[in-house]
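K.L.:
Relevant sequence annotations retrieved from TrEMBL are reproduced here:
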- 1-468: domain 'Cytochrome oxidase subunit I profile' (DOMAIN)
- 20-44: transmembrane segment (TRANSMEM)
- 64-91: transmembrane segment (TRANSMEM)
- 103-123: transmembrane segment (TRANSMEM)
- 153-178: transmembrane segment (TRANSMEM)
- 190-217: transmembrane segment (TRANSMEM)
- 250-268: transmembrane segment (TRANSMEM)
- 280-297: transmembrane segment (TRANSMEM)
- 309-327: transmembrane segment (TRANSMEM)
- 348-368: transmembrane segment (TRANSMEM)
- 380-404: transmembrane segment (TRANSMEM)
- 425-445: transmembrane segment (TRANSMEM)
Amino acid sequence: TLCPTFISSLKNCNHKRLGIYYLLSSFIFGISGTLISVLIRIELYSSGNRILSPENQNFYNVKITLHGLLMIFYLVMPGLFGGFGNYFVVIFQGSPEVVYPRVNNFSILILFLSYLLLILSIISEFGGGTGWTLYPPLSTSFMNLSPSSIGNIIFGLLVSGISSVLTSLNFWVTILSLRSIGITLKTMSLFPWSLLITSGMLLLTLPVLTGALLMILSDINCNTLFFDPIFGGDPVLYQHLFWFFGHPEVYILIIPAFGVISIVISGISQKIIFGNPSMIFAMSCISLLGSVVWGHHMYTIGLETDTRSYFSGVTILISLPTGTKIFNWLSTYLGNPSLLLLRTSSSLFALLFLLMFTIGGSTGVIIGNAAVDLGLHDTYYIIAHFHFVLSLGAVIAIFSGIVFNIEKIIGSKSILPSCSSNNSFYNLVLTFVGILITFGPMHFLGFNVMPRRIPDFPDSFISWNFLS
């Protein structure tokens, strides 16, 4: 009886069912990424070697590589973009289904293949210890211990990219051409708008990443010299190609979270988000500006002063539409009883998202300045910044969306005890305290210039690392 049920679920093309599959798979993938991060924190609990042998420092970098890739491509993107997107975008559009249901089914099936290829990289040779950015020469030349591991990671990312492009194409066409009568782009809800913008960014930037990854593969296996400086190649070229995808990717992760938080705050306040057109305009501005600031990840490679000043200016400019969104969300609460904010866990999660995103955005303005970034680049300050924005902002948005929408998705809160009001409130408190204790000290470590991706540190850093 199980086999036909399993096969029928593999063939399922219903957008709601696939949305639930995406959410479940992101939960499973997220557990593996979280366990790896626990290993990282145990290693950094004190100076010296904790769980690494002195001979195998590479394993620490393997953990960091896999943690980054799993959390970005297998937790946040399937959860926010694939899960909530598939479930709700069709409902908001008033359409019966996405335009290409079978393509939708194919997208999630190949996501599992992608995950298997990534996990396979751990056991092939020594694992790929390059960091999630896969910079050459670490990933290409004689410094690379494990060509087959890098190959598995790259093939996994390529398959994941195909899945994302197909899903983006599906959402793009569905939102633009399959709306109910009376729903125009002006009157469309913020959630479909967030997915339309995210899909556009993915379709624009993923081909560039694909090209860069294929160039690394050909450098490893086909004797090409794209990134080998000894023979006239340029490793900085890879950085430009990677970050042209990598910075929009940050907004690809967080803009669907904006849509989910808008659903929650609008639902709790029982009104349309304050300044709805300005929210759409702000998200569009964020996506456009976010696509032209990739160089702020590369201040230390010797960019010209004019180039650095351009990237600094445009990076800080992104804070304007972002600040607009924060004030719009807060203004939506105005006129409601103050107790409304405290009525449900999902509303508290939404407020926690606003707090974490504001803190993370503020540190982003600081390190967006090229002069400051020269001192803080590759320190734990950078880690603290993007974890506050992404791992905490985006993951809290997933929590908030699930707690708020659980009755709509599975019919009853009682089926999932963790989403009952008491349990989700405990989850909220533990999450909030855990966030501040884990990632707060990293700001101070960064200001004391503790480098990232190094498994040992001076004894003077023990107290903050112990707290984390």
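Positions of Cβ are set from backbone N, Cα and C atoms, glycine also.
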K.L.:
Sort out the residues at least 6 away from either end of the transmembrane segment (153-178), same chain, that have Cβ-Cβ distances under 8 Å to it, and list them.
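P.N.:
Non-local partners: 65, 69, 73-74, 77, 81-82, 85-86, 89-90, 93, 95, 98-100, 103-104, 106-108, 110-111, 113-118, 120-121, 128, 134, 188, 192, 195-196, 198-200, 202-203, 206, 209-210, 213-214, 216-217.
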K.L.:
Looking at the stretches 103-123, 190-217, 250-268, 309-327, which one shares the most CB pairs under 8 Å with the transmembrane segment (280-297)?
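P.N.:
The stretch with the most close Cβ contacts to the transmembrane segment (280-297) is 309-327.
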K.L.:
Within the same chain, where does the transmembrane segment (190-217) have neighbours whose Cβ lies under 8 angstroms from its own Cβ atoms, ignoring anything closer than 6 residues to its ends? I mean 6 or more beyond.
P.N.:
81, 84-85, 88-89, 92-93, 134, 136, 139-140, 150-151, 154, 157-158, 161, 164-165, 167-169, 171-172, 175-176, 224, 226-227, 238, 241-242, 244-246, 248-249, 251-252, 255-256, 258-260, 262-263, 266, 273, 276, 279-280, 283-284, 287, 290-291
K.L.:
If we skip the immediate neighbours and take only residues 6+ beyond the ends of the transmembrane segment (309-327), which ones have a Cβ under 8 Å from one of its Cβ atoms?
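P.N.:
Long-range Cβ neighbours of the transmembrane segment (309-327): 258, 275, 278-279, 281-283, 285-286, 289-290, 292-293, 295-296, 299, 303, 354, 357-358, 361, 364-365, 368-370.
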K.L.:
Short question: which residues 6 or more past the ends of the transmembrane segment (348-368) have a Cβ under 8 Å from it?
P.N.:
254, 257, 261, 264-265, 268, 296, 312, 315-316, 319, 322, 326, 329-330, 341-342, 376-377, 381-382, 384-390, 392-393, 396-397, 399-400, 403, 424-425, 428, 431-432, 435, 443
K.L.:
Looking only at the domain 'Cytochrome oxidase subunit I profile' (1-468), report the model's average pLDDT.
P.N.:
90
